[in-house]
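> Pasting a structure here, questions to come.
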Amino acid sequence: MGNWVENEGLSIFVVLVWLGLNVFLFWWYYLVYDVPPKFFYTRVLLGRALALARAPAACLNFNCMLILLPVCRNLLSFLRGSSACCSTRIRRQLDRNLTFHKMVAWMIALHTAIHTIAHLFNVEWSVQARVEEKGTLAAALSSLDDAQKQTYVNFYRNTIGNPVGGLYVAFTYLAGLTGVIITLALILIITSSTKTIRRSYFEVFWYTHHLFVIFFIGLVIHGAGRIVRGQTAESLAEHNPELCYKNFTLWGKKGACPIPQFSGNPPMTWKWVVGPMFLYLCERLVRFWRSQQKVVITKVVIHPFKTIELQMMKKGFKMEVGQYIFVKCPAVSKLEWHPFTLTSAPEEDYFSIHVRIVGDWTEGLFNACGCDKQEFQEAWKLPKIAVDGPFGTASEDVFSYETVMLVGAGIGVTPFASVLKSVWYKYCHDATNLKLKKIYFYWLCRDTHAFEWFADLLQSLEAQMQERNNAEFLSYNIYLTGWDESQATHFVVHHEEEKDVITGLKQKTLYGRPNWENEFKTIAGKHPGSRIGVFLCGPEGLADTLNKQSISNSEADPRGVHFIFNKENF
């Protein structure tokens, strides 16, 4: 149970608090509009649709307040790097920032749907009440103050019936027009954020995601028209709607109830979102300032498997293991920024990224760096690069454990390149103060080409450990997942050789996929009573598997073995 709390508990606690606040706000504001006499006559016109429109509006304000905070990366990195105010458990929650961002986005979509549907009924009934024959309470309310046009209750002041009247409201009233715009913007943002679009057409995702600017502008001014109207406090003191509504034909006459007076609700959304919008504006200004600092590409290395390595230098650049940066190449696109994990170590005098060529932008970067040409590329011909970052990730906590499992899938090995390089440098300069005592490294690749650019680092680290009589420090397992044993039979004859035929390492390449249950049980048996950090950079399916294994193979006893799962997420 202890490990379940550490792996899942705080996350579930945060989610439950967030869901609880949504439920509370929905129910509270539903009652605010469904019970008090202030909106008695508004409910006569609109029925329960009034409360069903306003309750999700309050939840929308709350969630729109939250949606920007998880993508303020500089703020999160500052909090993450401040151990004085940010414990390890809290840092692990900050690493789930994008997961929370997506959850909030879906909640916004849900409340937008409820809000929109309810207002469709509100508009239809408001238009209908305005044009229906006299003699009903709804008609009397709709005709109030036609001359002054100030203290009315029915926001629709024309006499055009449905469906033209409804369309008139949607495209001529401020609330209707902004509602249409922000709903369309939200639909485009969410649909372009699906995994398929994001991975295959990143540019579509990137550009449509910036419709959030239009979304927030529309959101702030959406309520400026004050179409939701309630009876004023002064009017309520003289005109009790629960007593006076039956004698509406006598309103204003001597001895009867005075004519009720109404006013619109002031817009409240800006009060919810002004703080996060200011923080996000500061975030963008910091990003812009950092992106203007000069970056020099010192070396471009072409690796197999359509991968290039960019080694760069930037004044004042400081990093920790496993961090990532955003990169912009104006020669490819003047607007697009793409995230890449740093593969260099903090001890090196440069920082580097490995870029796999999988789309239009990476193909453009490949060509801009002259990698498509056979001749040597002059340094001055290399493109200008803008860099924003570095930003913190879960991998920063690797050195907080005595024992860790590092699991990389394909190009997902990049954050662990930084970790292993840093370990190598620390051992070169005496690692007596290093808390980390044991690394279990797993690398899963589909074919042999992916191994080549990373094998040199493993060979160097392997040799370093042997020289210092600490060969047990690093245990690594490389899995060729695209092959099985039957496909690898022609390598069997080389199995007894000292080094692996594929990687050149002493550890032989394995075929197929790991049996994670056996791996976890074996490691748990070797390290009883330990807190073991499990770090993954890979697909969601593998993340689910490792997270479940981390929970199931941890002991309930706080003194027992505990696997703490961490995943790269940017």
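Every residue, even glycine, has its Cβ placed from backbone N, Cα and C.
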> When TrEMBL marks a stretch as transmembrane segment, which of 50-71, 204-225 is it?
204-225
> Taking residues 6+ outside the transmembrane segment (99-121), which of them lie with a CB under 8 Å of any CB in it?
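Apart from its flanks, the transmembrane segment (99-121) reaches 14-15, 18, 22, 46-47, 49-50, 52-53, 55-57, 59-60, 63-64, 66-67, 70-71, 166, 179, 183, 186, 189-190, 193, 569.
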> Sort out the residues at least 6 away from either end of the transmembrane segment (167-192), same chain, that have Cβ-Cβ distances under 8 Å to it, and list them.
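Same-chain residues near the transmembrane segment (167-192) but 6 or more away: 105-106, 108-109, 112, 116, 119, 123, 126-127, 155-156, 158, 160, 198, 204-205, 208-209, 211-212, 214-215, 218-219, 221-225, 227.
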